[in-house]
Amino acid sequence: IILYMILAVSIVCDDYFLPSLEIISECLGLSQDVAGATFMAAGSSAPELVTAFLGVFVTKGDIGISTILGSAVYNLLGISAACGLFSSVVSRLSCWPLFRDCLAYTVSVAAVLAMISDNRIYWYESASLLLIYGCYILVLCFDIKINQYLFTKFSPCCTCFTKAMEENAEQQPLVGWKEESRPLIRQQSRTDSGIFQDELDYSQLSTSLHGLDEISEDHPSVFTMPEADMKRILWVLSLPVITLFYLTIPDCRRQFWRNWFMVTFLISAAWISAITYVLVWMITIAGETLGIPESVMGLTLLAAGTSVPDTVASVLVARKGNGDMAMSNIVGSNVFDMLCLGIPWFIKTAFINTSGPVEVNSSGLTYTAISLICSVVFIFLAVHLNGWKIDKKLGAICLVLYLVFTLLSILYELGIIGNNPTRVCGN
């Protein structure tokens, strides 16, 4: 069931979620990194939002905090490793989007850790999380202007930035993005740079996320059998979920449903949440059956399980050469996860239970803070030392770093290192 749920997530991401994201990006004039940090991050992080609401309103425990903070290191290092190792295309990265998202994530993590340090969450603290995310969105709205200003100021003294930008400029731009003559400005920019053209140009766009050379009159049916033998086997096995998605989600790749792209985005995000719920449920049962301690499960299998949509979506776009979108989704989804904690806390403290704060448990706070901030620094340094590109070398580096972090975390949780006593349920 675990493997089948992962297959189902890959189908709903590839056939419905990413195509709807592409049309949203076209309509709003978003660059690939901004699209990855906003809509893509929000959709693929829907399971974390559901988990946070469950933790605050249903279980009244710390399941939201443990799930979101526990999977943060996997999101940064594990998904980056997957993008590098499973992608046959070397994707160039822009310096500013990664720096912007890493800075926003560091600020949001510091805010969350400061809030839960006294084990109480007040309404103004949760509101500040929403304010931080609002500032992040505001920065994204003016991203191209900020980008131009920074590279004009710092490119003379930061040769690595200039080199990365020139290499990125030589890359074929995301489909529908027109090349510009200015060398220091990213080719994937917004409508204020005149990138998106009139209706005439849309007929020449290609759906870059799916590798098609041009948009045909209508997209082939999802029931078209693939040519390769292995793909045929997977297609037959996945036919039940293909049929289920076909009946419940409008396919915005087809001309008839093209204007329904927001419905496609929302329903596919809901399906991703439902599939991830079953996936995590099965992983939990598997962990209990194998006798794996809960603390180890939370750091390994459950962290990876809740991040399957992020992993699948990032790997799919990285394999198409859209490195900025993949990395912005990886870091941007973590920023959105911090917002996932703020929304239910604010609703409960401001509207439902205004008499008192939300009680949380902040044990292991120091180690969590060190792990999250170190992982952000390491991923930024790894990308910088690798020449601002996603390849198998970067994937191997991130995998080694993730394994080291996971090993140290498990040893800490089991009480082998540090002063953290092992806690058993019921005692």
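Cβ from N, Cα, C; glycine included.
As recorded in TrEMBL:
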DOMAIN    2-141  domain 'Sodium/calcium exchanger membrane region'
DOMAIN    261-410  domain 'Sodium/calcium exchanger membrane region'
TRANSMEM  72-90  transmembrane segment
TRANSMEM  96-116  transmembrane segment
TRANSMEM  128-146  transmembrane segment
TRANSMEM  233-249  transmembrane segment
TRANSMEM  261-284  transmembrane segment
TRANSMEM  296-318  transmembrane segment
TRANSMEM  330-347  transmembrane segment
TRANSMEM  367-387  transmembrane segment
TRANSMEM  394-412  transmembrane segment
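By the Cβ criterion (distance under 8 Å, sequence gap of 6 or more), the transmembrane segment (394-412) is counted as touching the transmembrane segment (296-318), at least 3 such pairs being found.
Each of 96-116, 128-146, 233-249, 296-318 was scored by its Cβ pairs under 8 Å to the transmembrane segment (261-284), and the highest score goes to 296-318.
Same-chain residues lying 6+ beyond the ends of the transmembrane segment (96-116) with a Cβ under 8 Å from its Cβ atoms: 33-34, 37, 65, 69, 72, 125-126, 128-129, 132-133, 136, 139, 143, 146-147, 150-151, 186, 324, 327-328, 331-332, 334-335, 338-339, 341, 360, 362, 365, 368-369, 372-373, 376, 379-380, 383.
Here the listed stretches are 128-146, 233-249, 330-347, and the one with the most C-beta pairs under 8 angstroms to the transmembrane segment (296-318) is 330-347.
Residues 4, 7-8, 11-12, 15-16, 222-223, 225-226, 264, 267-268, 271 of the same chain lie 6+ residues outside the transmembrane segment (233-249) yet bring a C-beta within less than 8 angstroms of a C-beta in it.
According to DSSP, the domain 'Sodium/calcium exchanger membrane region' (2-141) comprises 118 helix, 4 strand, 18 coil.
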